[in-house]
């Protein structure tokens, strides 16, 4: 399911939402969000359940929680403005999608700050069956 969703985003050439998040991750963490975080642990990628497996997976858990609090903008499709300055991201505008930008900004910084915990060998394409326990509250 994750792979199908990722391919759809790429084929459609989406300019907002998730595509902007991908670009933001590239600028801040110097990694591809699609190739590095779209199917990682219990929370990075489509859906999420259970206990985050490491600090990187926790970045995705917090990002999911942040998206859950957004009102007035579809986080996966809404377009926002931002600039990259000196390795940091500054979200612009006052529209409803600025909240999404701030969620994405925090996650990109979290990925960068936790690159040392990223464990592709263990958590890439981690089986959902290992993420069945109840999720902690946001």
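Glycine too: its Cβ is placed from the backbone N, Cα and C atoms.
What Swiss-Prot records for 63, 104 is active site, and it gives similarity to another entry as the kind of evidence. Taken from Swiss-Prot, the feature Ca(2+) binding site covers 43, 45, 47, 64. Summarising the annotation, Swiss-Prot assigns disulfide bond to 42-131, 44-60, 59-110, 65-138, 66-103, 73-97, 91-101 and lists similarity to another entry as the type of evidence. Swiss-Prot lists 1-16 with the feature signal peptide.
Positions of Swiss-Prot features highlighted on the structure.
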residue : record              : Cβ within 10 Å
42      : disulfide bond      : 25
43      : Ca(2+) binding site : 27
44      : disulfide bond      : 28
63      : active site         : 23
64      : Ca(2+) binding site : 19
73      : disulfide bond      : 20
97      : disulfide bond      : 23
103     : disulfide bond      : 23
131     : disulfide bond      : 19
138     : disulfide bond      : 10
Same-chain shell around Ca(2+) excluding 43, 45, 47, 64, C-beta within 8 angstroms of the CB centroid, reads 42, 44, 46, 48, 49, 60, 61
Across all protein chains shown, the one of the recorded positions 45, 47, 65, 91, 101 with the most other Cβ atoms within 10 Å of its Cβ is 101
Across all protein chains shown, the disulfide-bonded residues 59, 60, 66, 110 give the max Cβ-within-10 Å count at 59
Same-chain residues at least 6 positions away from residue 104 (active site) with a Cβ under 8 Å from its Cβ, in sequence order, are 20, 21, 24, 63
Candidates 91, 103, 110 (disulfide-bonded residues); nearest Cα to residue 64 (Ca(2+) binding site) turns out to be 103
Per DSSP (three-state), residue 110 (disulfide bond) is helix
If you measure between the CA atoms of residue 101 (disulfide bond) and residue 43 (Ca(2+) binding site) and round to the nearest Å, you get 19
Residue 73 (disulfide bond) sits from residue 91 (disulfide bond) (Cα to Cα, rounded, in Å) at a distance of 15
